[in-house]
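S.K.: My questions will all concern the structure given below.
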């Protein structure tokens, strides 16, 4: 007798520079659909107009579909968080995994919408995740090589898919919010860093301050150090614009200049470290370099991750705004699909919605 799960979620897994992304695109009780008709599947053949085919496939709106991407993020958080917890928490997921929930586009000129999330909640944007999403959609036959625009809660992301592993995307306008912020940390003394926005909020610390070795053999020390700093930022009420939580801490160090301009270590919101160079973190770093006059418009910055993977960032445009100098980062990286699967949810499973943290 064939076993039929009571509920299911369809996903495509990929990694970008070692950091995994799970594209969550369909399922029973899908929050952005009135039925499963027209669902995205990896078996579909590309239509002559691939982008319009993608729009038709995911434009399955129901009465509950919020209009804007920020409203959709809020809806998922308050009304449909089961989709995140079932897909990303153990036993199906892990604290390393970033989710990308596919939605219809917000704007007529875009091809899709994505809400990023992880084991603790929702993200405004995710650079490595967007690269993984685009490569996944391409391998599913739902976009063609060339330009594509994906809407997110923090803005529309224009990108170009090479047709293979490489993606170049234009991130959101990024800026340094505060320079040389001194933070008194018990046991560590005074730690000085910059606060910057690159699609998420970061506290960035140079090697002259942290004096740590950024290598995989030093992970325990790096995690403890950055976790303590993040906790102290919250405890002391040091935040981004409009009181936004600084949920990423990023360390930088010099490296072999023939490979990259610097190496980083990034503590992510869920307590895991980023295996990739971190797209939003690289954008935040670029914003600081622009503010310091170290990178001009059109300038390049190569960022190496803790595992050795690299992103290239370009200061595509620089402008003077209300928040000071702002830079429009262009990022290039590579992603690879690692699996296409259907997650099964059995009503008899006590952990069918994931192993939930204590309330």
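A Cβ is built for glycine as well, from the same backbone N, Cα and C atoms used for every other residue.
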S.K.: For the substrate site that Swiss-Prot assigns to 127, 128, 274, 279, 280, which of 179, 248 is also named?
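M.R.: Record source Swiss-Prot; matching candidate: 248.
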S.K.: Identify which of the active-site residues 126, 278 has its Cβ surrounded by the largest number of other Cβ atoms within 10 Å, counting every protein chain shown.
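M.R.: Answer returned by the neighbour count: 278.
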S.K.: Determine, for the substrate site, the additional residues of the same chain whose CB lies within 8 Å of the mean position of the CB atoms of 127, 128, 248, 274, 279, 280; present them in sequence order.
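M.R.: Going along the sequence, the neighbours come out as 19, 126, 129, 198, 199, 200, 266, 276, 277, 278, 281, 282, 283.
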S.K.: Give me the Cα-Cα distance between residue 278 (active site, proton donor) and residue 128 (substrate binding site), rounded to a whole Å.
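M.R.: Answer for this pair: 6 Å between alpha carbons.
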S.K.: Can you count the other CB atoms that lie within 10 A of the CB of residue 128 (substrate binding site)?
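M.R.: The Cβ of residue 128 (substrate binding site) has 32 Cβ neighbours within 10 Å.
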